[in-house]
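Listed in TrEMBL:
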DOMAIN    A:73-287  domain 'ABC transmembrane type-1'
TRANSMEM  A:12-32  transmembrane segment
TRANSMEM  A:73-98  transmembrane segment
TRANSMEM  A:110-130  transmembrane segment
TRANSMEM  A:166-186  transmembrane segment
TRANSMEM  A:206-227  transmembrane segment
TRANSMEM  A:267-288  transmembrane segment
Amino acid sequence: MTPPTRTRRWPAWAFLAPVTGYLVAFYAYPLYRNVELSLREYTVRSFVQGGAPFAGLDNYRTVLSDPTFWPTLAHTLVFTGGSLAFQFTFGMALALFFHQHFPLSRTLRALILVPWLLPLIVSASTWSWLLNSDSGLVNAALGVVGIEPVHWLTSPGWSLASVTIANIWIGIPFNLVVLYSGLQAIPAEVYEASALDGATGWQRFWSITLPLLRPVSAITLLLGLIYTLKVFDIIWIMTKGGPTGSSATLAIWSYRLSFGNLLPEFGPGAAIGNLLIVMALVAGLLYIRLERRQHLR
Amino acid sequence: MTRLSRPRRLAAVAVIALCAVTTAACSSSSDDPAGGGGGTYLVWDPYPQFADDSDWVALLKKCGTSAGVTVERTGYDTTDLTNKALLAAQQGNSPDVLVVDNPVISTLAEAGALTTTEENKLDVSSMEANLLGAGQSEGKTYGVPIGANTLALYYNKDLLDGAGVDPGSIKDWTSLTAALTKVKAAGKKGITFSAIGTEEGSFQFLPWFWGSGAQLTSLDSAQAVSALTLWTDWLKQGHAPNSVINNTQTTSWQEFATGEYAFAENGTWQLGNAEKLGFGYGTIAIPASTGGPAPAPTGGEFVSIPVQSDAGRYATTQQLVTCLTSADNLLTTDATLSYVAPVAAVQERQVAADPKLKVWVEAVKVARGRTGDNLGTKYPKISEPLWTAVQAALSGTKTPQEALAAAQAAASNG
């Protein structure tokens, strides 16, 4: 007879196997392949025929020394930072607003979720029509109040701002939903107590809402960061990263290298992809560290 | 049958689940053809718009039947197809027949994924040399064109009549710009094209680039600068809308379809849509700087035969492809695709059937392959700096001179 410990371990392994298999096949292996791609010098020939020579960190050096690297990194940071700041602020303001439970608040809240439900290709195409230099609605509206048309998508000065605005619009519902549910978890008694103590609205927000929402805010921002770093579709549909790379982020650059050209450069493309993963990972670790410090306090 | 114990049963479930996750490990590859005749032959094409009941698929099936095999066809989005084809070649499961956009041929040939006509015994002697050029590299031919398209200028007849412009008078850049000025004076918009930051942008700029006498090996020549200056000045003077910087060929066509624009640079594939315009239209060849038609780049697909581990399949595949590219079948296919045939005799039959195609047949005759002139896989390294330069000049970041100098530097580095 088998010892009881072994019988108990069997089902445990059996239950573990599918999820492990899934993780290995769909996460670990692709990740490993991406790292491998970035460490070898692939040409189309060696991609198909095999035998790409090991190149160490050459692809990373190529990417880092490319004159487009620093501007593209700056675009990524501006795009991500700008998106997060405004999405979070608007999301928070709307969450507080809808927390008041006024008539129609449910209907209005549902309406605000629409950007989230639309396929990205639809919302990005719509934005690109709205912002069209010659026939866009935005320029037509500006014309009514006597402002010269702005080349939203076709001037290097505006293209990054335009895609950021579109991305903010798409990201607000997510922030609203998460922060709104966070608000509901704050006990009403705390507010009642503060009201008895004579706290003003601003004081309530800064001393109660914001501190008690901190864990929810942190996870919202972290998820937003990971999501925004890898945003590709909106920018690609609206500007293709142009004109002349003025709205290109690292994700766009990676795609351009790997797939956007007749002659793919998988090595540098994969290297940029890995840099993005590292950036998200650093943010994640930072989050865990902050979390832990908060728990210790 | 004895009942499995609970742990055993769970283990069995786990193994099945693992198998489901890693299907490749548990299934055996089983697409072995049944000897010489019969079997299933795979065809990939970039025509997802054609459903199984379309003429194109019917033709594929018919050619399969006459070769004694079943044809299984998959249509992919054209940008998707390049990656799919490369991956399939890497995994060793390429289709038997691959219909692919012509500039991709040199990439796939470089990857060693395609057979040459020496190996697959395809006869390409009847094909027009300038069209075949895109599929040739270092004296080898990697496929056969199924049809060609190229660019020309569509014009709005009603609008030009109103502005007092005779399209027949447009022979060179000077007369074209003069026509645009007249159109503007009449309160209408001049010309729309696509200068987007992708291959499409280079494709649209090339007729002007080549029409100036410039060569792809020297992006910063005086002729090249004159071509880019022409476009930049059109934008500055309001002859072309600023939106061209972000226009695809489709959005550019939509602008033309509003009826506000006198001219649009667009391709053979829009002929079908042109019939649906709410105004009279016509086409003229894109003029070269000093007159005559400018060489436009050739578009259109090649039929190629990817490398197979079983060389015995080539004989049947060759029959299939020969059937697809036979004169009668080319006529049908190119009519469905709204392409110009790659064979002179078939072109004549096309013009006889539809005189409107005359402009296009002439444009195709003087057109050039982008990857021709032995540029091959060097072309992508030239094209990207070129479209970037076009964008830089049109958006006013750089002068045409500076932009093209930077492009030439980038192209020689790559």
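The first residue you see is number 1, and the count goes up from there.
Note: Cβ is positioned from N, Cα and C throughout, glycine not excepted.
Those TrEMBL annotations? Automatic predictions, nothing curated.
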Residue numbers, six or more beyond the limits of the transmembrane segment (A:73-98), whose CB comes under 8 Å of its CB atoms: 105, 108-109, 112, 160, 163-164, 167-168, 171-176, 178-180, 182-183, 205, 209, 217, 220-221, 224-225, 228-229, 231, 235, 246-251
Residues from the same chain, set at least six apart from the ends of the transmembrane segment (A:12-32), whose C-beta lies under 8 A from its own: 277
Spatial neighbours of the transmembrane segment (A:206-227) far in sequence, C-beta under 8 Å, 6+ residues away: 80, 83-84, 87-88, 91-92, 96, 171, 174-175, 178-179, 181-183, 185-186, 190-191, 194, 199, 280, 283-284, 287, 290-291, 294
